[in-house]
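Undergrad: Can you keep this structure in mind? I'll have questions shortly.
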Amino acid sequence: MAIKAEEISALLRSQIENYESEMSVTDVGTVLQIGDGIALIHGLNDVMAGELVEFHNGVLGLAQNLEESNVGVVILGPYTGITEGDEVKRTGRIMEVPVGEELIGRVVNPLGQPIDGQGPINTTKTRPVEKKATGVMDRKSVDEPLQTGIKAIDALVPIGRGQRELIIGDRQTGKTTIAIDTILNQKDQGTICIYVAIGQKDSTVRANVEKLRQAGALDYTIVVAASASEPSPLLYIAPYSGVTMGEEFMFNGKHVLIVYDDLTKQAAAYRELSLLLRRPPGREAYPGDVFYLHSRLLERAAKLNDDLGGGSITALPIIETQAGDISAYVPTNVISITDGQIFLQSDLFFSGVRPAINAGQSVSRVGGSAQIKAMKKVAGTLRLDLASYRELESFAQFGSDLDEFTASKLERGKRTVEVLKQDQNKPLPVEHQVLIIYALTKGYLDDIPVVDITRFEDELNHWAESNATELLNEIRETGGLPDAEKFDTAINEFKKSFSKSE
């Protein structure tokens, strides 16, 4: 049989073309020391800051301290299977998390892996966790309202899309409740919500997820959970993972609301990491860059200009104080970074004023320009009225013989406090808020006993739904304040049918 040279060369050519070299060159190091979620690695001379490295058992680590003789790596997972002398490989990748629509309705860990038992997440797109914040020229000033559904906030400390508004207060004062209520109020508003739970009990996270599911809010919400039992590197990374998922939507022209619950625990996790990495401690044993830890996170919340699609990320960071001390290190840092704060007071909470917002110390530095005209007009004097009531209240304790003007101020103040009370998980549409605040400021509640105020409001809302729909629709659709005559007619009509308690 004759051997044909063409056939042999064609065969060889196809073999060469299909040949795949299995050999790859990777930078390899050795574990010198391991413990408390930190590994010291020798030999990774070319590793980048923030690069992922892979241990022999598949667990990933994050390169943090780049020193002459070794690299300090924080381990993103269980470290019990890693021992001294183990091999460590560079991956050449910085940390990334999956992003996209597929994450909506899911509960994931800070690495973007599902932890809700509902199967894998089929997304192919990823984004780097650490990213420079949007530049000044790509932004636009805050001018669209983000309605929380909470009267005391929408009237006194309004929030706009693209704003960073801090929620600060002692433990058990209703901080998470405000955040969850705000998420519930975004239903049908076209806002995607991201709830980042940092260092909370698993049972607490589960309860919040169930609350969102029952209200139908998981249809537009992503939950990123790093519970108290997770290693501290995951608690440190969780907020950055959350905002990275949010940026994907923002750059596609959508509106995002992100809640960090809470950044005090993230700062504590970062302090733990820094001390284990032998970085020099500063005030309250925090490292020197704890301000940068939060500023680079919160600066990623923005309102993009119209050329970039006009998307936004609104951030609601939560900070827990000790005994109301807002002058501690982390609270003062975050207050200076954000565009205002909602200060919750335990004294108010325990006296039955819920949400326990201290109107005097709560501010919104940019939200005023985003507030709808109707609310701005009816709630204009509300803060001053509340402040003068608090002042008169303490003054009135010393004597009962008050002049008529002071007595009327006190009575109006009591009704103002009652109107601003609200049950949890019951956000109120803005048109109903405008209606009750108008009734309050125009004196329609002055002859209603204080004990009846809540019932008056509930019944007014039900009555208005069927008898004053035009009025409510006008506020909802235009944002402007209808004629006073329409309000007066509606409220007077309702008062005829309202029965006061004896």
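Note: Cβ is positioned from N, Cα and C throughout, glycine not excepted.
Marked as ATP binding site by Swiss-Prot: G169, D170, R171, Q172, T173, G174, K175, T176. Annotated site 'Required for activity' per Swiss-Prot: S362, in sequence order, evidence recorded as sequence analysis.
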Undergrad: Around the Cβ of S362 (site 'Required for activity'), how many other Cβ atoms lie within 10 Å? Please give the count over every shown protein chain.
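TA: Around the Cβ of S362 (site 'Required for activity'), 22 other Cβ atoms lie within 10 Å.
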Undergrad: Just checking, which of T173, T176 (binding-site residues) has the fewest C-beta atoms within 10 Å of its C-beta?
TA: T176
Undergrad: Of these binding-site residues, R171, K175, which scores lowest on Cβ atoms within 10 Å?
TA: R171
Undergrad: Distance check, please: Cα of D170 (ATP binding site) against Cα of S362 (site 'Required for activity'), rounded to an integer number of angstrom.
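TA: Pair distance, Cα basis, whole Å: 15 Å.
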Undergrad: Which chain neighbours of the ATP site, leaving out G169, D170, R171, Q172, T173, G174, K175, T176, have a Cβ atom within 8 Å of the mean position of the site's Cβ atoms?
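TA: Not counting the recorded site residues, we get E320, L344, S346, F349.
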Undergrad: Roughly how many Å lie between the Cα atoms of S362 (site 'Required for activity') and R171 (ATP binding site), rounded to a whole value?
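TA: That separation, Cα to Cα, works out to 17 Å.
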Undergrad: Using DSSP with the three-state reduction, classify G169 (ATP binding site) as helix, strand or coil.
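TA: It is in a strand.
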Undergrad: Does anything in the same chain, at least 6 positions from G169 (ATP binding site), have a Cβ under 8 Å from its Cβ, and if so what?
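TA: K175, E320, T321, G324, F343, L344, Q345, S346, A356 - these are the non-local Cβ neighbours of G169 (ATP binding site), listed in sequence order.
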Undergrad: Among all protein chains shown, how many Cβ atoms are found within 10 Å of the Cβ of Q172 (ATP binding site), not counting that one?
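TA: The answer is 12 other Cβ atoms.
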